[in-house]
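S.K.: I grabbed these lines from TrEMBL:
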- Thr120, Asp146, Asn177, Gly178: S-adenosyl-L-methionine binding site (BINDING)
Amino acid sequence: MNMSSVLNKSIIRTLPCQSMLGCRLLSTSFPVYQQQGQHESVDNAGKTTHFGFRTVAEEEKEKLVRGVFSSVASKYDIMNDVMSMGVHRLWKHHLINKLNCGMRPNSNRPLEFLDVAGGTGDIAFGLLDHAYHKFGDNLSKMTVADINPDMLAEGRKRCSSLTSYGNSGRIQFIEQNGEKLDAIESNSKDVYTIAFGIRNFTDIQAGLNTAYRVLKPGGIFACLEFSQVENSALDYIYQAYSFSLLPLMGQLIANDRDSYQYLVESIRRFPKQDVFADMVRKAGFYVPGKGYENLTFGVAAIHIGVKL
């Protein structure tokens, strides 16, 4: 019998989040690059980091990323549709179902959700909807944190026009740097989610460390992010699509080639699945199994961590 497997199952069964929170755990011609999370991801001595394939000053990256998302805020769903061929909606739905979060009928303690880099609210609204429709939970609260005010404005607009949460007092949108979250108290959140956001951080490890800080013991970290296709033949096709067609489509659809070029490069620079899983462990999280689930051959992946 595999003792590691037994240990994983034993720990997961006894996690506070399982019973109290209701979270079911579950060689090419393209540019040469080095992925973040490896030795040269951030040059602390020179205070430089990467913006796509460019090397920039650390303090400049935040402004550059802010500019990208200010540019695409009103067309964010179109951007994700283009980058994932529409499949991002299925990935998000799968993430929400995988977490299966909501205050159970026999509990009197609402959950505290935190969705980081969640400006437009897709994941936030989906989590609250799931909690209500599956568990009758209309008390749990959501904080949406994003560094970009234009993305937050889009989220507030959608919240008021497309959901019933606008005047409920159950959801708040706050402008925050995800690497610091200085407005979020330590040990205060039950569930931390981040979708298609963490690869834009200047210091990914700092963001993971902060996620660990703000979660309560037993809290869940869940990250959905574009990742690396593991099959080399499929990866070649995907990279051809990404580098040849996506920037062109960005120009045609949104009149913004540069933002889409950065987003393609940022995906390619993001750590491979096993490397990122190790970074989650380094932050202090218990990582069940291998720590990630590939989606659509690894075009995206879900990473899970538990604060014990």
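Placement of Cβ uses the backbone N, Cα and C atoms for every residue, glycine included.
Source: prediction; values computed, not measured.
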S.K.: Excluding near sequence neighbours, so keeping only residues 6 or more apart in the same chain, what lies with its CB under 8 A of Asp146 (S-adenosyl-L-methionine binding site)?
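M.R.: In sequence order, Val116, Ala117, Gly118, Gly119, Leu152, Gly155, Phe173, Glu175, Gln176 meet the Cβ cut-off.
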S.K.: For a quick check of understanding: among the binding-site residues Thr120, Asn177, which residue's Cβ has the most other Cβ atoms within 10 Å?
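M.R.: That would be Thr120, with the highest Cβ count within 10 Å.
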S.K.: Using Cβ-Cβ distances, find the residues under 8 Å from Gly178 (S-adenosyl-L-methionine binding site) that belong to the same chain and are at least 6 apart in sequence, listing them in sequence order.
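M.R.: For Gly178 (S-adenosyl-L-methionine binding site), the qualifying residues are Val116, Ala117, Ala145, Ile147, Ile194, Gly197, Ile198, Phe201, Gly207, Thr210.
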S.K.: How many angstrom lie between the most widely spaced Cα atoms of the S-adenosyl-L-methionine binders Thr120, Asp146, Asn177, Gly178?
M.R.: 16
